[in-house]
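Below: one structure, written as structure tokens.
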Amino acid sequence: MVYLAPLPTFYRIYKKKSTEGFQSLPYLVALFSSMLWLYYASLKPADATLLITINSLGCVIEIVYIIMFTIYATKDARNLTVKLFMVMNVGSFALIFLVTYFAMHGSLRVQVVGWVCVSIAVGVFAAPLSIVAQVIRTKNVEFMPFNLSLFLTISAVMWFFYGLLLKDICIAIPNILGFTLGLLQMLLYAIYRNGKTNNKEVVTKEEHALEAMKNVVVVNPLGTCEVYPVIGKEINNNGQGIEGAEEKEKGVELGKECPV
């Protein structure tokens, strides 16, 4: 469910043919994490069928997401995504694999790879923090999918107890942070879920005010200014309506320089 949670996001990207304000980092980090967990599961002496099956599926799904993102992203976003993929998913994974496979043996290799997985799993949960910062700055949750935050939180709880029952701290520890960050994201969603509407209302009010100003003052390029009455309803400084306009307040003084 965590891997499938971004489906509405990518359906939106497909429909609009644009990645808009979405970022590729969470999906790149999720792919990197799945690759490392597969490697860790292959090293464990005990049965690791659940780790292998879910992370194999995760690798396939995340690759599809990343391909879709690069197709519809802007040139800069596409280039950044490719660079991050080559550095993190190819270069870093190859380095970890070569060092641990050839330089370490037995239980030490399992422990080192396990703690590397812990650090990357923390990164998976922390990756959406870039979106969290955007939400706080813009007071808009449009680009922070609620489904992903919800299923990350539920998944973190389940994997924590799974690791605890197996006495595998490498599985249990990162999910404590995952649960905490998932709750933070859902809390921000609850706070700013109406931010988009409020922003639109503010913009509308500002547009009306600017439109009213355009109808009041006309600047003459010769250096004089004329203040014309607005036919209909004007708005004074107190925000109260003034019906019509009085001819005596026209205030046209030709030949006098505009105070502006």
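Backbone N, Cα and C atoms are what each Cβ position is placed from, and that goes for glycine too.
Positions annotated as transmembrane segment by TrEMBL: 21-40 (among others). Outside the transmembrane segment (21-40), and at least 6 residues removed from its termini, the chain residues within Cβ reach (under 8 Å) are 3, 6, 9, 13, 48, 51-52, 55-56, 58-59, 62-63, 65-66, 69-70, 73, 77, 80-81, 84-85, 88-89, 92-93, 96-97, 110, 113-114, 116-117, 120-121, 123-124, 127-128, 130-131, 134, 142-143, 148, 170.
Summarising the annotation, TrEMBL assigns transmembrane segment to 52-72 (among others).
Proximity of distant same-chain residues to the transmembrane segment (84-104), defined by a Cβ-Cβ separation under 8 Å and at least 6 residues beyond the stretch ends, is recorded for 24-25, 28-29, 31-32, 35-36, 39, 66, 112-113, 116. According to TrEMBL, the feature transmembrane segment maps to 84-104 (among others).
Per TrEMBL, the feature transmembrane segment maps to 110-133 (among others). Long-range contacts of the transmembrane segment (110-133) within its own chain (CB-CB distance under 8 A, at least 6 residues past either end) are made by residues 23, 25-26, 29-30, 32-33, 36-37, 39-40, 43-45, 96, 100, 104, 143-144, 148-149, 152, 156, 168, 170, 173-175, 177-178, 181-182, 184-185, 188.
Positions annotated as transmembrane segment by TrEMBL: 145-165 (among others).
Residues or ranges marked as transmembrane segment in TrEMBL: 171-192 (among others).
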